Amino acid sequence: MRKKAAGGAERRPLKPRTEAAAAAPAGRAMPSDHSRMKLRRDCSRPSLQWYTRAQNKMRRPNLLLKDILKCTLLLFGVWILFYILKLNHTTEECDMKRMPYMDPDRIKRAQQYAQQVLQKECRPQFAKRSMAQLFGSRYSLDLPPFVTKVPAESEAEYKYDPPFGFRKFSGKVQTLLELLPEHDFPEHLRAKSCKHCVVIGSGGILHGLEMGHALNQFDVVIRLNNAPVEGYSEHVGNKTTIRMTYPEGAPLSDLEYYSSDLFVTVLFKSVDFNWLQAMVKNETLPFWVRLFFWKQVAEKIPLQPKQFRILNPVIIKETAFDILQYSEPQSRFWGRDKNVPTIGVIAVVLATHLCDEVSLAGFSYALNQPRTPLHYFDNLCMAAMNFQTMHNVTTETNFLLKLVREGVVRDLSGGIHSEF
């Protein structure tokens, strides 16, 4: 029965949904709930074509970065190859068999001059006082040569990163010092009232001078890096008091180490601490640590723990920033500023803190003579120095020249300034 709505209009009763579906015309089925939900999902999903385009756009930056990386690696490889080829070319030109003729008269004068230096009266504290007079407050009179204790965080040792300081490495320094039973200069050398010292460089100028006998007579003989004694003692002597080096520079041959040597280590980077710890403990350095060195390093150092020392990094800082007045280190994406002194110049400054009288032998950077032998023991030419990017050898030569001319040190081989 039909009911009338307000206003007199008829109101038909609602049919159930199933009936409505049945009343739909044939061939035109009403969408079900499942179909409507599927349709809604399909409408909200991006088309496959749009998705592919978006994915391709995301890939483009990645491909660009990969191309840039490939080009960078290629350029770096070409640079390394060029450096190696150039270095090998220089090596071939400076075979020791082609050494320039050594004037016998000059050899005799050099030997006589060395004997004269040794025979002169030793003047206590002369090197220190002369350096202080020459450089004023830029040279410290009371700077300890070796690390003897873990410095306080506020001390100068922690102002810079290695090699100028030990910032962020206090734990590693403490570990190393606990392994070393002795930290100072040996007692028998400290007890000597006045010491004559000689720093023997690696310069080719030593070859043929036959100064070995004279060099052996100095109280303290400081040798650098892997400069050999075996096979060259006639020219460079065979006495060694200090072997001063860094991991990559340490001699690989056991024959270059003597039971009385002090092995003074210069620490440049984090893995250098690991290497020194392994050497002191007579352990094998892990392979993954070796990957961080730029050349092969010694696997063992045949010395006792009491013979190892750590160079005070403030001596390097004093040499670089105060005396040579290099700029302080700046963070760079690649390479270094030329603000790291050579081991040789650092050793000269160290000698003024250790010794009363200081002499040099085997120092010479004749950059205007590119075919002059660089070392007394290998085939490298002086031209090889033009490819290194860490040291300013011109500034260092001027510094050594100043020391020799002012009488602070004496040049026994005449490579910096000849006085014979």
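Using N, Cα and C of the backbone, Cβ positions are placed for all residues, glycine too.
Annotation in Swiss-Prot places Cys355 in a disulphide bond whose other cysteine, of Cys194, Cys197, is Cys197. Within the set Asn238, Asn392, Swiss-Prot records N-linked glycosylation site at Asn238.
Range annotated as region 'Disordered' by Swiss-Prot, chosen from 1-39, 118-156: 1-39. Around Cys197 (disulfide bond), the C-beta neighbours below 8 angstroms that are at least 6 residues distant in the chain are Phe218, Asp219, Val220, Val221, Ile222, Ala351, Leu354, Cys355, Asp356, Glu357, Val358, Ser359. Summarising the environment of Cys355 (disulfide bond), the number of other Cβ atoms within 10 Å of its Cβ, over all protein chains shown, is 27. Cβ neighbours of Asn238 (N-linked glycosylation site) (same chain, under 8 Å, six or more residues apart in sequence): Gly212, Asn216, Val229.
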